[in-house]
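**Student:** Mind looking over this structure? Questions follow.
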Amino acid sequence: MAALSAWFWNERFWLPHNVTWADLADPAPGVEYPKAGHLLSALPLALGIFAVRIFFERYIAGPCASILQIQMELSRRAQPNAVLEKVFTSITKSPDSKHLEGLSKQLDWDVRKVQRWFRHRRNQDKPSTRTKFCESMYGFKFFYYFFYFASLWMWDTRQCWYNYPYQVLTSGLYYYYITELAFYWSLMFSQFTDIKRKDFLIMFVHHLATVSLISFSYVNNMLRVGSLVMCIHDSSDFLLEAAKLANYARYQRLCDFLFVVFSMIFFGTRLIIFPFWILNTTLFESWEIILFNFLLLVLQVLHMLWSYLIARIAFKAIMRGKVSKDDRSDIESSSEEETETTPKERLKTASSRGENGSNGHFGSKTWSQNHNNW
């Protein structure tokens with residue numbers, strides 16, 4: 001165990017040449033450097049953030065949803081059937097035509113009826129618009145911005161390395177780092193209770209890489225470049241959450257506008273500033289940092305993947321005239337179900353919702369009927 005600890009904390013891995021942990025352990029009076037033990041305070045704070053989120057969604061976001069007339073939808077439940085339930089839970093949730101025909105013969109049901117049962121069963125656990133609104137409102141409200149720190153080193157990234165690693169830990173940077181670390185730990189906790197999405201594994205890798213980056217940059221006192229990474233990395237997220245809120249409240253034009261602004265900032269920060277500022281300074285202006293650069297490159301790959309998904313949504317929005325669907329969604333669109341209803345049923349549904357089906361707001365269709373959080 002001692003050998004493993006010695007290998008993990010080897011100065012050659014964490015610090016520049018000719019610098020040891022002893023050099024940072026005894027700073028001058030009034031000067032403080034980051035210590036690994038500081039990071040432990042983020043764990044209880046993360047649990048506190050998780051508890052605050054539960055309170056916020058129930059007692060603040062919920063009433064706001066009621067004011068905007070966002071109600072809990074009553075989803076159509078699948079007819080109880082032991083045979084189909086067994087197939088659904090143990091074999092497949094989306095049977096192909098061969099399975100559908102076999103089940104149709106076994107139950108003496110029409111193939112379309114079997115297909116409809118599986119669609120209703122898949123949508124049984126579909127989160128309501130109200131639930132998604134509360135989740136997005138929390139993400140919008142609980143956001144951190146410290147552009148003051150970033151502005152000091154953004155335009156001259158070489159400032160990140162002046163007098164490194166003997167850069168003083170300020171109280172502002174300390175609280176910023178611990179709060180950001182706690183926030184991303186809370187995201188890792190909540191990912192297992194949030195709406196399940198197709199990119200669950202991708203998001204888990206993203207959160208894990210982010211937590212590792214924050215921890216690594218704090219322990220070896222790379223706070224300046226670390227704060228740059230976090231500010232650039234988080235700069236567009238609140239616009240996405242705001243677009244979702246507008247979407248759930250059925251303010252379609254506002255949703256479209258916010259999505260356009262979000263896309264422009266996302267592409268600019270993730271595909272231009274991040275690689276040409278951040279990666280450039282860590283790869284070419286600093287000492288060799290293998291792990292840190294590897295984690296940054298992992299983030300950049302994820303940025304490129306998400307940029308592709310956003311571009312797909314933007315392309316579809318141009319073709320349809322509005323943002324209409326999140327491509328990462330796991331939930332089937334209700335419009336698919338409506339194609340199976342009779343004209344009489346559709347007329348009855350439309351009249352019960354109002355003339356334009358938008359709770360009195362403009363716009364007729366949400367941009368993520370099958371919403372999934374980015």
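Residue positions begin at 1 at the first shown residue.
Cβ coordinates come from backbone N, Cα and C, glycine included.
Quick paste of what TrEMBL says about this protein:
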type     : residues : note
TRANSMEM : 36-56    : transmembrane segment
DOMAIN   : 84-128   : domain 'Homeobox'
DNA_BIND : 86-129   : DNA-binding region
DOMAIN   : 117-319  : domain 'TLC'
TRANSMEM : 138-155  : transmembrane segment
TRANSMEM : 175-193  : transmembrane segment
TRANSMEM : 257-278  : transmembrane segment
TRANSMEM : 290-315  : transmembrane segment
REGION   : 329-374  : region 'Disordered'
COMPBIAS : 349-374  : compositional bias 'Polar residues'
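Looking at the shown structure, can you explain where the listed features end up?
**Tutor:** For the transmembrane segment (36-56), same-chain residues at least 6 beyond its ends with a Cβ under 8 Å from one of its own Cβ atoms are 137-138, 141-142, 174, 178-179, 181-183, 185-186, 189-190, 215, 218-219.
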**Student:** In this predicted model, what is the average pLDDT of the DNA-binding region (86-129)?
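**Tutor:** Summing pLDDT over the DNA-binding region (86-129) and dividing by its length gives 86.
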